[in-house]
Amino acid sequence: MSHSSLSWLSNFNVETVPSKYLRRSSIIGTIGPKTNNVDVLVKLRKAGLNVVRMNFSHGSYEYHQSVIDNARKSEEVYKGRPLAIALDTKGPEIRTGTTIGDKDYPIPPNHEMIFTTDDAYKTKCDDKVMYIDYKNITKVIAPGKIIYVDDGVLSFEVISVDDEQTLKVRSLNAGKISSHKGVNLPGTDVDLPALSEKDIADIKFGVKNKVHMIFASFIRTANDVLEIRKVLGEEGKDIQIISKIENQQGVNNFDEILEVTDGVMVARGDLGIEIPAPQVFVVQKQLIAKCNLAAKPVICATQMLESMTYNPRPTRAEVSDVGNAILDGADCVMLSGETAKGNYPVEAVSMMHNTCLTAEKAIAYPQLFNELRSLAKKPTATTETCAVAAVSAAYEQDAKAIVVLSTSGLSARLVSKYKPDVPILMVTRNERAAKFSHLYRGVYPFIYDKPSIENWQEDVENRLRWAVSEAVELGIISKGDSIVTVQGWTRGSGHSNTVRIVQA
C-alpha cells in the first residue's frame, strides 16, 4: 500500500479500467425536448444516467408531467439501476423589465442611465431607464457597487442612490440591454424570499408526483431550507432537499446551511458571476470537502461538458473539469444543456461515465479513509462506528464488496462517507431510499421486494443471500469472495450495529 497520495498517483496504471457497472459517482441529466421520450431515456440510462432533472425555470406542468411519466415508463422498458427524479426550482431571482417594443437597446461604455423599481416603467424600458423587479435594491446597494445584467454580459457601476426607487448607474462595457434579463448583485446581501409563489406551486407539484429530490435554487441561509421543508410538509418528508449554492451569501452561510440540508449542489453558473471567476474552483473544493466531512452528498454542476451541446467531442479542459470534480470528492456530476437541448445527449452521458470511471481509480482510497477516520468527531454514533469498522474490515480482508441491509439509507450513506475502494451494495425494501441513494458515492441500490417475515434473523439471512446472488449474477463479485456486511439487530431505521465477514 502506498503511504501517500503522491506515491499512489506516481504508480497509477491508467490502463486498468474497472467493469462498467462499478462507476461510483452518479450522473444527473437535465431532460429537454431532445431527450423527453422513452427510447432516448433508455439509451441515456444504458449510457450511465442515474438521475433525471427537470428544470422548472422553463416548461409547463404538462411538459414536466410528461418527463416524469416517460422516466417511469423507461424503468418498465429497461430495468437496469433504479432511476431517481429531481425537481430544480426556478428560485427567487432579479430581472429587468420589458423594453419598449421588446427591442434590444445598444449600450456603449460609460453610458449613464437610471435603474428604477417604479412600476410605471415595468413595460417601458429603454437605454435611458430600466425597470428592476427587486423592490429593495435601493436599500441594499451602495455607490461603487457593481450590477451585472444578462449573466454578466453587461456590467454597471452604481453612481448614486437617488431615492427609494431610483439608482443612477454607469456602464463599464458595451453590450445590449433587453427584456427580462437576469440581474446579479455581487458582494451585496439581498433579502429576497426563499420561495416565490411559483416555487411553492412547483414544489407541491413535485410532492404530488413523488419526486425524490428538490434542487433548491439560490439558497442563502439555513432558514431558506427550513422554509422549503415546511412547504414539503408531511407528505413530502422523504424528499431530499439539495441546496444550490449560487452566491456569496450562500458561501458565507454555508456551515449553517449544511447543518439543515440533505445535500448540496455547487452551482457554478451564477456562482461564477457573484464571486470572482478565479475563486470558483477553490470554493468548489472547499464546499465539497465540507460536505465529505459532514457525510452530506454533493453535486458539481454547470458547463461540465458544455461544448458537447453542439460537438460530438468535449474540450480537454471540460474532461479535466469533470475528472477534477470527482477527485475533489463530488458524489454526483450534472449535465444541463448537453442533455436538455444538445445534439449528442447519449454521447455526453457516455463521455461523463468514462471520465468518472478513470478519475475514480486515480483516488488514493486507503489514504483518504485514514484521513476521514482521523477527522471524525469522537465519540461517533453507533451506526457511524459500524460504518468505519466495515470499511476497515474490507481493507483488512481484501473484501470485494460491502453489503448494507438498510431501511432508510442512513447506514449506506455513512459507509459511503469513508470512501471504500469496493462497491457498497445497499439492500432495501424502501424504493424511495434506493432511488435517492444515487446521491451517495459508491452506493449501488438493490430493491428487495419480498415481504418481511416474523423471524428477524431469518429475514436478514434471506436478504443477504439474495443480494450476494444478484451481485454474483451481475459480475460485481465472484463465488468465494470475502464480503463485509452491515446490519441491524432489530427492525427499523438507525439500528445498524453488526458487522460480519462472510464468503460469497
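Yeah, the Cβs are placed from backbone N, Cα and C, and that goes for glycine too.
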Arg53, Gly269, Asp270 bind substrate according to Swiss-Prot; which of Thr35, Thr89, Thr302 goes with them?
-> Thr302
In sequence order, the recorded positions (Lys244, Asp270, Thr302) whose C-alpha falls within 10 A of Asn55 (ATP binding site) = none
In this structure, the one of the binding-site residues Asp88, Glu246, Asp270 whose CB has the fewest other CB atoms within 10 Å is Asp270
Could you tell me which of these recorded positions, Arg53, His58, Lys181, Lys244, has the fewest other Cβ atoms within 10 Å of its Cβ?
-> His58
When the binding-site residues Asn55, Thr89 are compared by other Cβ atoms within 10 Å, fewest goes to Asn55
Looking only at Phe56, Ser57, Gly269, Thr302, the binding-site residues on record, which one has the least crowded Cβ, with the fewest other Cβ atoms within 10 Å?
-> Ser57
Once DSSP output is merged into helix, strand and coil, Gly269 (substrate binding site) belongs to helix
Compute the C-alpha separation of Lys244 (site 'Transition state stabilizer') from Thr89 (K(+) binding site), stating it in Å without decimals.
-> 10
